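> For reference, TrEMBL lists these features for the protein:
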type	residues	note
DOMAIN	78-178	domain 'Fe2OG dioxygenase'
BINDING	H96, D98, H159	Fe cation binding site
BINDING	R169	2-oxoglutarate binding site
Amino acid sequence: MVIEIPELLGKAEVQAIRAQLEAADWHDGRGTAGHRAISVKTNLQLRLDDPLAQELGARLVQRLGQTPLFIASALPAKIMPPRFNRYEDKGAYGNHVDNAIFAVPGAQSHVRTDLSATIFLSDPDEYDGGELVIDDLFGGHRVKLPAGHMILYPGSSLHRVTPVTRGTRFAAFTWIQSFVAQDQQRRLLFDLDSAIQDLTADHPDHGGIDTLTNVYHNLLRQWSTT
Ligand SMILES: O=C(O)CCC(=O)C(=O)O
Ligand SMILES: [Fe+2]
């Protein structure tokens, strides 16, 4: 499932983050690419131990934890510290697949990348190209969202960022380990949860809501891997 989380950050927040990113210490992004991805990656990134990346990343993780649509669709168990990238001058990231498992820097834990996420930090009219193209079972999605919006997609998808031919594209990106590893199971739970929310809003006293809620939690108990 590919799902858009609108307005994860407000306009003023994006502006403040952008001012910090524009003055930041950028490095060749190939330093963090796997052995196949390295040949198709031409962008800049903040170093993982850059204090600015750590501070902004922690804020993003905190915000994700307060975002009901993210919680309901991702069922997050662990979130990798977000990273920051910058594409310009025809910079691109060709077709690649993200690592299945990442070690969390400075911790003894790992994150299985059930979901990948990009948080756009530039508005679409600031650059040409720079679309995130995601291949999933239902074909290709071309994604270019307003600054502050996030796209969530299965970590199992091949994906790429097309060359940025004008302007600069800033983004944050991360990976999420979900309580439910399988994308199709997460989709069913998300649809069921959304239907329960709608029913509760329209018919709060309907007894069927308890049954459906019970089914939701029993499926989550069966399917969760932690
Ligand atoms: O910049 C993006 O939207 C995605 C970046 C990406 O796919 C990656 O760094 O693995
Ligand atoms: Fe990627």
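Including glycine, each Cβ sits where the backbone N, Cα and C put it.
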> Have a look around the residue listed as '2-oxoglutarate binding site' and count the other CB atoms within 10 A of its CB, chains all included.
26
> Quick check on the binding-site residues H96, H159: which one has the highest count of other Cβ atoms within 10 Å of its Cβ?
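Of the binding-site residues H96, H159, the highest Cβ count within 10 Å belongs to H159.
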> Looking only at the domain 'Fe2OG dioxygenase' (78-178), how are its residues distributed among DSSP helix, strand and coil?
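The domain 'Fe2OG dioxygenase' (78-178) comes out at 3 helix, 60 strand, 38 coil.
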> Rounded to a whole angstrom, what is the C-alpha distance between H159 (Fe cation binding site) and the residue listed as '2-oxoglutarate binding site'?
17
> Between the Cα atoms of D98 (Fe cation binding site) and R169 (2-oxoglutarate binding site), what distance do you get, rounded to the nearest Å?
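A Cα-Cα distance of 20 Å.
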> Around the Fe cation site formed by H96, D98, H159, which additional residues qualify by having Cβ within 8 Å of the site's Cβ center?
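Residues close to the Fe cation site, other than H96, D98, H159: A37, Y93, N95, V97, S116, S157, L158, R160.
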> With every protein chain in view, how many other Cβ atoms are within 10 Å of the Cβ of D98 (Fe cation binding site)?
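Neighbour count, Cβ to Cβ under the 10 Å cut-off: 16.
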> List the Cα distance (Å, whole number) between the residue listed as '2-oxoglutarate binding site' and H96 (Fe cation binding site).
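Approximately 19 Å lies between the Cα of the residue listed as '2-oxoglutarate binding site' and that of H96 (Fe cation binding site).
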> Kindly state the mean pLDDT of the domain 'Fe2OG dioxygenase' (78-178) in the predicted structure.
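Mean pLDDT, the domain 'Fe2OG dioxygenase' (78-178): 96.
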